[in-house]
């Protein structure tokens with residue numbers, strides 16, 4: 001391992017020497033800081049954008065500068081409950097703090113927790129402005145770096161001392177941070193590039209990069225499909241000094257005879273993956289972009305790198321060619337074209353793509369050299385700030401002239417509609433019309449769905465199986481099933497442990513095969529001496545010899561005479577019951593009719609009496625009239 005460390009230092013020295021030979025340059029990205037009060041200090045000043053937090057690209061921010069009485073370097077947490085949080089209706093507080101004693105990121109973190117809206121760090125040296133960079137990936141700051149959400153900037157010592165004096169004298173110091181010109185916008189298309197890496201075992205920075213790729217994919221693809229942007233991925237490589245090309249260390253970290261190298265992922269040459277594995281996968285990703293671009297679909301690169309990270313991680317020992325080609329095929333790309341682009345990694349010659357990548361690492365124009373990963377460049381200006389979807393999208397959108405921004409810059413409520421093309425490379429069951437592809441703003445996601453109340457489980461890419469109650473309604477839950485002569489048997493069961501289990505009368509694994517059990521041959525039925533067994537599909541039939549009948553419930557044969565006698569008695573009893581029912585019914589009808597006839601006679605008699613009485617009354621009335 002001492003030899004490996006020495007070699008790494010030699011490689012670094014060689015890289016620095018090469019950079020010096022081409023006049024390497026490191027460009028500090030700046031934004032404008034305007035003092036609006038007091039009047040005596042009014043004017044514009046430069047400030048260097050911090051390489052963490054969230055700069056307000058394309059916008060501006062006004063606030064009041066505040067200098068703490070204690071803990072002026074902000075290396076310790078501030079006392080009190082968010083003491084620098086602005087009161088309702090007041091301007092936000094920009095905390096002015098001194099450089100030194102601890103990491104830049106820790107200062108900003110403590111200021112954010114104390115309620116500050118932005119941080120201005122005063123340099124402690126008379127020197128040109130520098131970029132406040134991220135801490136080393138193994139530093140304690142890696143624990144909180146991703147949670148810094150406020151902008152920060154470094155200002156020069158002289159200007160900072162003037163601000164501190166004005167604050168101590170009781171002056172109200174109002175400043176305005178302006179990021180509107182931090183990203184140039186020369187035309188109606190934004191060009192941006194991301195220097196990245198396929199290694200997923202390099203600590204917090206790798207995790208941050210991979211999370212960004214997945215989150216930003218949807219927006220990136222929309223911008224590219226709409227012709228609003230031109231994206232280019234890049235990969236950093238180093239070369240091995242000529243004197244060490246044949247060494248074990250160089251052979252494990254490099255391809256093309258030491259021309260293109262990457263550090264060992266585990267920093268241990270005796271275990272795990274090697275640096276050359278990373279270089280090969282980086283090259284494959286470059287070739288995926290090249291082949292996709294030739295087919296007028298460069299945005300497929302985003303699908304490949306995110307899917308490869310999910311499906312082929314180092315920790316699962318799947319970081320290899322076989323897994324990579326599975327992803328390539330799922331996205332509809334030609335594997336042979338990708339292989340042809342990659343060429344022979346053992347060739348003692350330059351590779352055109354990797355040679356171009358090494359040349360591109362040297363800064364040009366307003367962009368400095370690329371020396372750290374990840375690095376994002378927008379319109380040839382290096383992005384400073386948190387590598388997070390909304391922050392980066394804002395920086396890219398700042399590259400458009402005002403009022404010319406595409407819709408993706410104006411609203412988050414959008415979808416990418418990737419599932420319309422080849423189902424997005426996700427699993428689907430065409431017969432059941434079920435798919436694992438789901439469109440979101442972050443791009444298409446391959447997740448096993450819930451369909452008609454049935455939850456599917458699996459990786460979402462090559463496999464999804466129904467699980468839980470109701471699963472047998474969807475293609476028999478992926479279990480064996482067969483239909484013969486209109487009769488269907490299935491190995492799917494909603495209850496129990498949920499596994500496929502052959503139904504009664506069958507045996508097998510329940511998934512691919514269930515074979516009919518020959519109950520007759522295996523002596524599982526028709527055990528009585530007089531029984532004759534015949535096997536049928538999924539069942540059996542038993543008959544009895546002579547004048548006997550088979551009773552399945554008791555697995556026995558009985559005499560037909562006994563059966564006939566029982567049947568005769570049953571018939572007699574049936575006839576008697578029918579007669580009784582008929583007699584009872586007839587009696588009821590008779591009683592009903594008799595009662596009705598009596599009621600009619602009584603009614604007629606009453607009507608006759610009433611008629612006679614009425615006639616008598618009429619006769620008497622006439623007699624009275626005559627007399």
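The backbone N, Cα and C atoms fix where each Cβ goes, glycine too.
The range from 578-602, 603-627 that TrEMBL describes as region 'Disordered' is residues 603-627. Long-range contacts of the domain 'EGF-like' (500-514) within the same chain, counting only residues at least 6 positions beyond its ends with a Cβ under 8 Å from a Cβ of the stretch, are 477-480, 482, 489-493, 538-539. The helix, strand and coil residue counts that DSSP assigns across the domain 'EGF-like' (500-514) are 0 helix, 2 strand, 13 coil.
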